Amino acid sequence: MKKMSLKALIAPSLLSGDFARLAEEAQAMKDAGADWLHMDVMDGHFVPNLTIGPPVIQSLRKHTDMFMDCHLMVSQPEKWVDDFHKAGASSITFHIETVEDPAEFIKKVKSTGMRVGIALKPSTKLETILPYVKDVDMVLVMTVEPGFGGQEFMADQMSKVRELRAQYPTLDIEVDGGLNEKTIDTAAEAGANVIVSGSGVFKAQDKKEAIEVLRRAVNKHIFTN
Ligand code: DX5
Ligand code: ZN
């Protein structure tokens, strides 16, 4: 029971939802038992895709009280911290290679009251973030190349999760990409407790059950390890 303070948090990615009906999709996820909404922000520069930004977060905030977990796949994220905060974002997760001074960026996000996370894409080494882990609320280990939903889960990224979990028993460790009923056990066993799932949840017939399957797997590992 040494990890009692760890909680399974299931964060469906609205990237797999219908962007024309975001408020309804958010409500459907809430009704299905989701803990967070995962918002994928892409700038066509850091990743080869374009999605949403603060105006969309602001519009959606009028329709939901859910925690909005904003995953910034953008260059120069420091330009946008205040805008995301004003728009109603609950957290900002940035990719380590996008900022010149990670410590400064972390401080800036925290000063707004939002939570802060650091993300690692598959080719980025765990060592690059280690000096900053003690100062953040969460580490996001990408299990696909950032940019698109619906890709295959990369199990080889689990060594990062395992190493982080060994060093930080109560840190929120998020995995993102290819998570579904087939891959969740691998991620949960490695020590992930925050689970992003786009196509895994949105393509499921029974979204409530899809979320429950993810949660059960995480809880099983939290309480047996
Ligand atoms: C990819 C995004 C993910 C994506 C996951 O760059 O960061 O959040 O929505 O989608 P699935 O779960 O379909 O791999
Ligand atoms: Zn994401």
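Cβ from N, Cα, C; glycine included.
As written in TrEMBL, here are the features:
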BINDING   Ser13, His71, Gly147, Phe148, Gly149, Gly150, Gly178, Gly198, Ser199  substrate binding site
BINDING   His38, Asp40, His71, Asp176  divalent metal cation binding site
ACT_SITE  Asp40  active site, proton acceptor
ACT_SITE  Asp176  active site, proton donor
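Following the DSSP three-state reduction, the secondary structure of Ser199 (substrate binding site) is helix. Listed in sequence order, the binding-site residues among Gly147, Gly149, Asp176 whose CB lies under 6 angstroms from an atom of ligand 2 come out as Asp176.
Within the same chain, residues at least six positions away from Ser13 (substrate binding site) with a Cβ under 8 Å of its Cβ are His38, Met39, Asp40, Gly149, Asp176, Val196, Ser197, Gly198, Val201. Looking at Asp40, Asp176, the binding-site residues in this record, the fewest other C-beta atoms within 10 angstroms of the C-beta turn up around Asp40. If you measure from the Cα atom of Ser199 (substrate binding site) to that of His71 (divalent metal cation binding site), you get 17 Å. Rounded to a whole value, the Cα-Cα separation of Gly147 (substrate binding site) and His71 (divalent metal cation binding site) is 11 Å. When the alpha carbons of Gly178 (substrate binding site) and His71 (divalent metal cation binding site) are compared, the span between them is 16 angstrom. Close to the recorded substrate site, the chain also has Leu15, Ser16, Asp40, Val144, Gln151, Asp176, Gly177: residues not among Ser13, His71, Gly147, Phe148, Gly149, Gly150, Gly178, Gly198, Ser199 whose Cβ is within 8 Å of the site's Cβ mean position.
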